[in-house]
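Participant: Have a look at this one.
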Amino acid sequence: MPGIVIVGVQWGDEGKGKATDLLGERTDWVVKFNGGNNAGHTVVIGDEKYALHLLPSGILSPGVNAVIGNGVVIDLEVLFAELGALQARGVDVSRLKVSANAHIITQYHRTLDKVTERFLGKRMIGTTGRGIGPTYADKINRTGIRVQDLFDENILRQKVEGALDQKNHLLVKVFNRRAITVDEVVDDLLSYAERVRPMVCDTGLLLSDALDAGDVVVFEGGQATMLDIDHGTYPFVTSSSATAGGASTGSGVGPNRLDRIVGIVKAYTTRVGSGPFPTELFDEDGDFLRSRGFEFGTTTGRPRRVGWYDAPITRYATRINGITDLVLTKLDILTGLKEIPVCVAYDVDGQRFDEVPVNQTDFHHATPILENFPGWSEDISTARTFEDLPQTAQDYVLALEKMSGTRISVIGVGPARDAVIVRHDLLD
Ligand code: GDP
Ligand code: IMO
Ligand code: MG
């Protein structure tokens, strides 16, 4: 069972980093296939806490080969800052490989991300401001800069010139910003060329060979299903394919090599940035979940919006991704609630919807139809088997499993690496 995909089910921050880390010791390769440094994965190992943005969290496991795939957008300054910080803490990062086809986030992408958001005013998406959207826009527009361009100064200069020809008009005339010179961008990018060169290769070939050899490859998704450019709550989404299909296009490995699709889902829901969120809470239950779950962005520090578990979203994600196993995280955060409401369907202007509505306006109008489950007060953080959980916690998990259409294989009961209950081995 060598090809394993990890995807977020909700709006991100489900604990994907912890899930990758859980597989760590038995993994040979971990590849990030989408997104960039908009992601934020917190991984707790012993007393050490690591926050990763651009690098796949699998890099923390000794002996694992980490890969940044072609579907990723790379901010070179962030890449080397993260590598340096890990090295300083004794993490071996020498095995990192970077796709020659990955696109590069430049200064003008970061600037455009920030000024377009400001321009949108009330309609803003609430992006992370890292230049993600403008970089993917250039990729689709065929005006992007790729990693391999760093090694041909002539081509690099031509491409930057082409991009800035248009963008400077926009920056100066529409957004009232200063023009960016070709030299400053080219010089900045070239300053990383020799450092990145030894890492760059045809990562699709590398990964296919690894799978042929029987190695275990984990495809680590950033963001999540509801933030996916096609299947998320457009336009309040990120600009990449965060669903399982993206694991194939974003790494250069055929879809028939993906054997297991693992969805990571939180026992409640959070969202950062704007957009619809039917189960969102604005009361003290919301404050309880936010402070107990420490729901503040790893990347931007913004308080996350919080709400109850939304079963139609998990069902939707199961269908869109072909999820074979779910990892239910943060069950421990619900401890102490007398009753735990779960969204089982939506009410849209008086009409019941059992599934996520395809129409954006309907989803914006959706209010949750809630079913209450009895809570528990016992500390569950030391539970290591399903039977260790109080009966009401077991019933809650079984109810979510029934509604999701797939099995819940792992349950998270605390932030630490070993704070999990494994019901079905993800590698079996
Ligand atoms: P990611 O973006 O999906 O990798 O998730 P983040 O790292 O942004 O947010 C998840 C947070 O939840 C991290 O701080 C994790 O350490 C923490 N976490 C993961 N699983 C559990 C769990 O089962 N219980 C608790 N209490 N915390 C968890
Ligand atoms: P991880 O991998 C949560 C959100 C932003 C914004 C929207 C678009 O940690 O789960 P972008 O900068 O990508 O153009 O912003 O997507 N967003 C995330 N929210 N977790 C993430 O990553 C996110 N990455 C982007 O808040 O609403
Ligand atoms: Mg995160």
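Keep in mind that glycine also has a Cβ here, set from the backbone N, Cα and C atoms.
So TrEMBL says this about it:
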type     : residues                                                             : note
ACT_SITE : D13                                                                  : active site, proton acceptor
ACT_SITE : H41                                                                  : active site, proton donor
ACT_SITE : K139                                                                 : active site
BINDING  : 12-18, 40-42, R304, 330-332, 412-414                                 : GTP binding site
BINDING  : D13, E14, G15, K16, N38, A39, G40, H41, T128, R142, Q223, T238, R302 : IMP binding site
BINDING  : D13, G40                                                             : Mg(2+) binding site
BINDING  : T298, T299, T300, G301, R302, P303, R304                             : substrate binding site
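Can you walk me through where each of these features ends up in the structure?
Facilitator: For the recorded site, D13 (active site, proton acceptor), the DSSP three-state label reads coil. Neighbour density for D13 (active site, proton acceptor): within 10 A of its CB lie 28 other CB atoms from the protein chains shown.
Contacts of H41 (active site, proton donor) defined by a Cβ separation under 8 A and a same-chain sequence distance of 6+ are given as K16, G17, T20, A51, L52, H53, S57, T298, in order along the sequence.
On its own chain, K139 (active site) has V73, H103 as residues at least 6 apart in sequence with a Cβ closer than 8 Å to its own Cβ.
All protein chains considered, the CB of V413 (GTP binding site) has 26 other CB atoms within 10 Å.
Under DSSP, G40 (IMP binding site) is assigned to coil, being neither helix nor strand in the three-state scheme. In sequence order, D13, A51, L52, H53, G297, T298, T299 are the residues near G40 (IMP binding site), counting only same-chain partners six or more apart with C-beta under 8 A.
The local packing around P303 (substrate binding site), expressed as other Cβ atoms within 10 Å of its Cβ over all shown chains, amounts to 12. Look at P303 (substrate binding site): DSSP puts it in a strand.
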Participant: Going by DSSP, is L331 (GTP binding site) part of a helix, a strand, or coil?
Facilitator: helix
Participant: Taking the Cβ of R304 (substrate binding site) as centre, how many other Cβ atoms lie within 10 Å?
Facilitator: 20
Participant: Neighbour count first, Cβ atoms within 10 Å, every protein chain included; then name which of K18, R302 tops the list of binding-site residues.
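Facilitator: Per the Cβ count, the most surrounded site is K18.
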Participant: Give me the count of other Cβ atoms within 10 A of the Cβ belonging to G301 (substrate binding site).
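Facilitator: I count 8 other Cβ atoms within 10 Å of it.
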Participant: Sort the binding-site residues N38, Q223, R302 by C-alpha distance from V413 (GTP binding site) and give me just the closest.
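Facilitator: Nearest by Cα distance to V413 (GTP binding site): Q223.
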Participant: For the binding-site residues listed here, G12, G15, which shows the highest count of neighbouring CB atoms within 10 A?
Facilitator: G12
